[in-house]
Amino acid sequence: MPPSSLNWDQLEYELTPWIKDAISSLGFESMTPVQASTIPLFSQNKDVIVEAVTGSGKTLAFVIPIIERIMKLDPVLIQKRHFNAVIVSPTRELSLQIEKVLQSVLKFNPKEQGIRTQVLVGGINSIDEDLRTFQKTNPQIIVATPGRLSEFLKFSNIVHTKNCEVLVLDEADKLLDLNFEKEMNNIFHSLPKQKRVGLFSATILNASSEFHKTGMRNPVKIVVNSKNHKPKTLKLNYHILKPENKINDLFAYLDTFHFRKSIIYFPTCLSVDYFYSLFKQLTKDNNLNDLKFYSLHGKLKTNSRIKTLEKFDSNNDSKSILMTTDVAARGIDIENVDLVIQLDPPTDPDVFLHRCGRTGRANNVGQAIVFLNEGREEDYIDFLQVRQIEVYDLEFNPRQIIKQEQITKWILVDRLRHDQAIRAYVSFIRYYSKHSASSIFRLQSFNYLSLAKMYGLIRLPRMPELTNYLKDQFPKDGYLDPSIDFSNYKYLDEAKELKRIEEEKEQAKRAKKHEKKHEKNKIDENSAWSKKVQRKVNKEERNAGKDIKKRELELVSSDDEHQETDWKDLVRQSKKEKKQKKEIMGDFDDL
């Protein structure tokens, strides 16, 4: 069992004085249980596997031991083109955050020749720029994402790994899953076998079968708050509703609940983009000026993501709301996040707690809410209970803020908005189909029409899931509101609108051509059918003619036979008469 929170003076390891000063200056008055348990072991010669709740201070638990080890290294090991420690994390945002924590501690280092760090993530610098920086600055600590680090280590003529003393995997369960298998194997093979290894995550035990790949030897397992994997200061709630009510209930709660910062999780990047545009308009229409929205997802450029996080983190003038995907589910440590809302449960149940863990950190009070659709999704409550996660009914009666007419009015301004709504709607259904708890999240029982209202659709897309499961409920030609003239529904962008008109003209031509071809085929089919009937009649007539001829021949043959019989009778009669005449003549001679 890890000890309770202790004063830093009680740590069972003597920290370097300036590191103690740094910790005190940064406001860390006491150690968290994970820090008290991990720092003494990892600072010396133990490999560690650390499973601790999110927000428990894991980052400092490996940053301090790494700095301590490098401070005590033989100067011979600190060479050009060599590094001494590497920290790997699954996302750019988390890597940059770890680098920030490192710098906040290292700035207290009194030595002229300080400890240097370098961040290796895609989307900021090219690999060539990273290699030049490495040669120029000679960092002892590298913080990196798997893809960029794997590529970086291939340049073995520039990057030497033999002096690497420490490897840390933050969010290790994620790094050890199949998505990063190739990159992580390259990293493991490139690093020396003799090194200290630390694995850190909130759900690390789920990846236990992969531990041997990291090169650990007799690791010490440290488990903090494993009973339900959540801090005591974090409240978990659920809210059951129809999909079409999600936007109203979300706004109602954001308007009612007192918070400084909130994170809302959306299922896909497309849904973040679409609802971000919609929500900005809805805040104006309903005078909700105290709500400030930011959008973040994996398909945005790295610099945009970094700027968004900085703006969200620094805004203290209004209620800040970060609309994001699971790119911000792990490790992102933003102060004063009081509220987390999941519009839909994640496809991976392990991610549920990672999402919730963005609030209620470092003993601060936080609330996490998951929206569940009426019906089968209500079984998710029991599903979480089996995993020792207790969630409670929100018991919230939302007032009506957002009307469906407002969404329709906004979407009708520009046909492009409807295109975006369609893409977001389709991407959600694809997302839903991949849910690991498929017995709960079933396409067969989903309310597609209610979801369409949530997305503000005017016309449903043609896709197998809708035609298969809606069947008779699927509206004619997909129109949810037949009163809207789709042919006059325009794009605001003139070039797009001209292109649409041309495409519709071409489509009309093709339809007309197809109709003519269809008519011709129909005539040809009728003609062919007539010919077929005529051939049948002709055949029957020919067969009838043959029968008549046959009967005629039979009659002729019958007459010939009769005539032949008469002729033979005449011959016999003639012979008989001659014989009789001869006999008479003979008798006369005798006289």
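Cβ atoms here come from the backbone N, Cα and C positions, even for glycine.
A quick note: this is a predicted structure, and the numbers were derived from the prediction, not measured.
If you check TrEMBL, you get these features:
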- 8-36: motif 'Q motif' (MOTIF)
- 8-36: domain 'DEAD-box RNA helicase Q' (DOMAIN)
- 39-222: domain 'Helicase ATP-binding' (DOMAIN)
- 246-409: domain 'Helicase C-terminal' (DOMAIN)
- 504-591: region 'Disordered' (REGION)
- 510-520: compositional bias 'Basic residues' (COMPBIAS)
- 537-554: compositional bias 'Basic and acidic residues' (COMPBIAS)
- 564-585: compositional bias 'Basic and acidic residues' (COMPBIAS)
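For the compositional bias 'Basic residues' (510-520), the DSSP-based tally of helix, strand and coil residues reads 11 helix, 0 strand, 0 coil. Under DSSP, residues within the motif 'Q motif' (8-36) fall into helix, strand and coil as 16 helix, 2 strand, 11 coil. Mean model confidence of the domain 'DEAD-box RNA helicase Q' (8-36) amounts to 90 (pLDDT, 0 to 100 scale).
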